[in-house]
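Contents: one structure, followed by commentary.
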Amino acid sequence: MSEEKLPLLSPLNENDIENDYKDENLKSDLDKLSNVKKQSIIQRFKDYLKNSISKQTATVLVYVVLYILSGVINSLLLKKVMNVFTNYGFFLNQLTNYGYVPIFGAIVLYKILFTNDIPKDTRSFPQWKFVIMGALDAVTGYFVVIGGIKTTGPLQQLLNQSVIPFTMLLSFIFLKERYSLIQLGGALIIIGGVVVSLIPSLTGGNTSGNMLFYNFFYLISMIPYAFSNVYKAIGFSTVEDMDVWYLQYFDALYQSLVGTVLFPINNWLPPPSDMKFNQVIPQLKAGGKCLGGINTLIEQYNSTTGELLPTSCNYGDNLGCDNCHGAWVVVLIYMAVNVLYNVFILLVLKHAGATVFSIANTLRLPLTNIAFSFKFIMGSDSNPFSGLSVAGLCIILLGLGGYRVGSMIKQKKEAAASADSSSNTENKVIPKVFPTQFGEVSIIIKKKVPPKSQTHLRNQFFGKLGITVPESKLRNQNSIYGDQ
């Protein structure tokens, strides 16, 4: 039985061609429909954003995101700079003080010569007030830089939040400020979170990068900073519109001068920040070399055996050796980011207000600590999370949230209690270029309300009685009693 052989190529009939043509058209139509749907979804999303978010809101969001981003980078770079200058803390303190004087001075000079932003009234502001503020900020900066050398980045961020309870206490004493139970509860929770964060240092556990003495040295910086906050509320309460660059220049100038005379404290500090009186000039010279990328403290080996000498750095408990390669690059980038960071603070405060600024500050804290744990960002300076560090972070965030909510509720109640509250109080925010950003506290400055005259009180009394006093009668009363 022979098999019927089929042709390799069977002829196509008209129906097959027509079906294939229809399939191709259908596929093309489906592709077009899919593209139309994708375009319509994207367009609808764009229209939604355009209708729901105004140009002003979008601008505020951009400023807030840039503030948070620059704040995180600023904290990371600061710790990088501290680690580079571990052996030259006093030099680093002078660098972070004097480094801003020419920058702010150039801006102020330009404004005085080519703009009207700094009128004569501003220039006549008492210099002694700048001196006091600069002195307080100098002490704060000194403790921050010296203590921060042996305090890890994540712990620095947590300790910064302790300025809130310190400022609340001093505001209660000097400004007669009263706080709600929610605010007090938030402050107590923050204190609890700080204590939890310090447990590894207190118990001698995993303290890589931390020294208990310098952890508390860093924590002490919150006290003069809290005093500075309160002083600004007192000394600058009469200032209507102080040019921020003018203020920053004189604050940085006096902070630098006062910071220079703080070197005797180093005489009693433990390594690596100890410095005898006769070592001040050599320390400054070695710090300057480190800024230029030249190592002074290097490993010393026995020429015969090749072993590390007991007197060498990196031997046992001796000081670590210098690692100054590219130090000037890190410092320049840090100072540039720090200035931009403070500009974004001003923009957020101006366009969004203190409430949004507080929320952004709260968001910045966990993001910074997370960034410190990434090795691809911090390299050998990274600090992996531990159970206690996570617990401390969560507790402090809970306390910050409580404090912020309590502050907003308190302000709303005060506004509702008095129709004139907006004219009697204001949030006075005086930015300050510090090496790091502390926990933010709203200082309420109470404006002085002028006393009411006798005429005003008489008219108010008659009005409550429903008596309308003729204007001619009022003029006679004014001439007899006079306004006081």
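Keep in mind that glycine also has a Cβ here, set from the backbone N, Cα and C atoms.
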Does the record in Swiss-Prot have Thr152 and Ser382 facing the same side of the membrane?
yes
Excluding the flanking five residues on each side, which residues at least 6 beyond the ends of the topological domain 'Vacuolar' (379-382) place their CB within less than 8 Å of a CB in that stretch?
79-80, 83, 153, 209, 372-373
Is Asn302 (N-linked glycosylation site) helix, strand or coil when read with DSSP?
coil
Please work out the mean pLDDT for the residues of the topological domain 'Cytoplasmic' (350-355).
77
Interface check, the transmembrane segment (329-349) with the transmembrane segment (95-115), three or more C-beta pairs under 8 A:
yes
For the transmembrane segment (155-175) and the transmembrane segment (383-403), decide whether they are in contact, meaning at least 3 CB pairs lie under 8 A, counting pairs 6 or more apart in sequence.
yes
In sequence order, which same-chain residues at least six apart have a C-beta under 8 angstroms from Asn302 (N-linked glycosylation site)?
Leu308, Leu309
Tell me if the transmembrane segment (245-265) touches the transmembrane segment (95-115). I count contact as 3 or more CB pairs below 8 A, with pairs 6 or more residues apart.
yes
